[in-house]
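Lifted from TrEMBL, the feature list:
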type	residues	note
DISULFID	7-38	disulfide bond
DISULFID	17-28	disulfide bond
DISULFID	39-49	disulfide bond
């Protein structure tokens, strides 16, 4: 039996909150924050975190001279 995604609960909470709040992200900041925290701990073990990992890399500040 496949292992349950460790951040699935938080991912579902985000979807439920967004649907209940007409997709206004600012009303769901607490559940989004919980998802980010879960992803920090679960990392590569969570399929649900793949989008959050890409988002974090794209928002990291660019360091001059670094590739």
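Every residue, even glycine, has its Cβ placed from backbone N, Cα and C.
Among the disulfide-bonded residues listed (17, 28, 49), 49 has its Cα nearest to the Cα of residue 38 (disulfide bond). The Cβ neighbour count for residue 7 (disulfide bond), using a 10 Å radius and every protein chain shown, is 25. Residue 17 (disulfide bond) sits 18 Å from residue 39 (disulfide bond), taking the CA atoms of both as reference points. If you draw a 10 Å sphere around the CB of residue 38 (disulfide bond), it holds 21 other CB atoms from the protein chains shown. Between the listed disulfide-bonded residues, namely 17, 28, 39, 49, the fewest other CB atoms within 10 angstroms of a CB are found at 17.
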